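Participant: Below: one structure in structure tokens.
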Amino acid sequence: MQFFIAAAALLGLASAAKVTDATLRDNNGLQSAELSIDGVKCSATSAAALGARQIACPGSAFSWHVDGSASDYQVTLFKGTNTGDPQASAKLPVDCRAGGAGQNDQVCTQVGDATVDI
């Protein structure tokens, strides 16, 4: 009986967040990113902001980070805004096309949902 109570309590702490509508701009490194976490729009519009370990998303219970390159990206969500908060990652499925600012400029759009179990 105690096991079931402990398991239920532990499972109650876990949650899944859905990441949708992501658009990334990559020109020899991420330049900007927009995405929605459970319907709340989040963005970072500079390479400096994207270099942060955690990016706040006002209105969301999560902060976030995107990394990767060459159409292979991953989104990390943090449950809160403190560096010690629980975190989890998921592959961000995107399709990239030429961005127009040179041969290395890519605009990548999310083509499938990403669910992060945190």
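Positions of Cβ are set from backbone N, Cα and C atoms, glycine also.
According to TrEMBL:
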{"type": "DISULFID", "residues": "CYS42-CYS57", "note": "disulfide bond"}
{"type": "DISULFID", "residues": "CYS96-CYS108", "note": "disulfide bond"}
{"type": "DOMAIN", "residues": "1-118", "note": "domain 'AA1-like'"}
{"type": "SIGNAL", "residues": "1-16", "note": "signal peptide"}
Participant: From the DSSP assignment alone, can you count helix, strand and coil residues within the domain 'AA1-like' (1-118)?
Facilitator: 16 helix, 61 strand, 41 coil
Participant: If you draw a 10 Å sphere on the Cβ of CYS108 (disulfide bond), how many other Cβ atoms land inside?
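Facilitator: Around CYS108 (disulfide bond), other Cβ atoms within 10 Å: 25.
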Participant: Neighbour count first, Cβ atoms within 10 Å, every protein chain included; then name which of CYS42, CYS96 tops the list of disulfide-bonded residues.
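Facilitator: Of the disulfide-bonded residues CYS42, CYS96, the highest Cβ count within 10 Å belongs to CYS42.
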Participant: Among all the protein chains here, how many other CB atoms are within 10 A of the CB of CYS57 (disulfide bond)?
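Facilitator: CYS57 (disulfide bond) is surrounded by 22 other Cβ atoms within 10 Å.
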Participant: Measuring Cα to Cα, how far is CYS57 (disulfide bond) from CYS108 (disulfide bond) in Å?
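Facilitator: For CYS57 (disulfide bond) versus CYS108 (disulfide bond), the Cα atoms are 20 Å apart.
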Participant: To the nearest Å, how far is the Cα of CYS108 (disulfide bond) from the Cα of CYS42 (disulfide bond)?
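Facilitator: CYS108 (disulfide bond) to CYS42 (disulfide bond), Cα-Cα distance: 16 Å.
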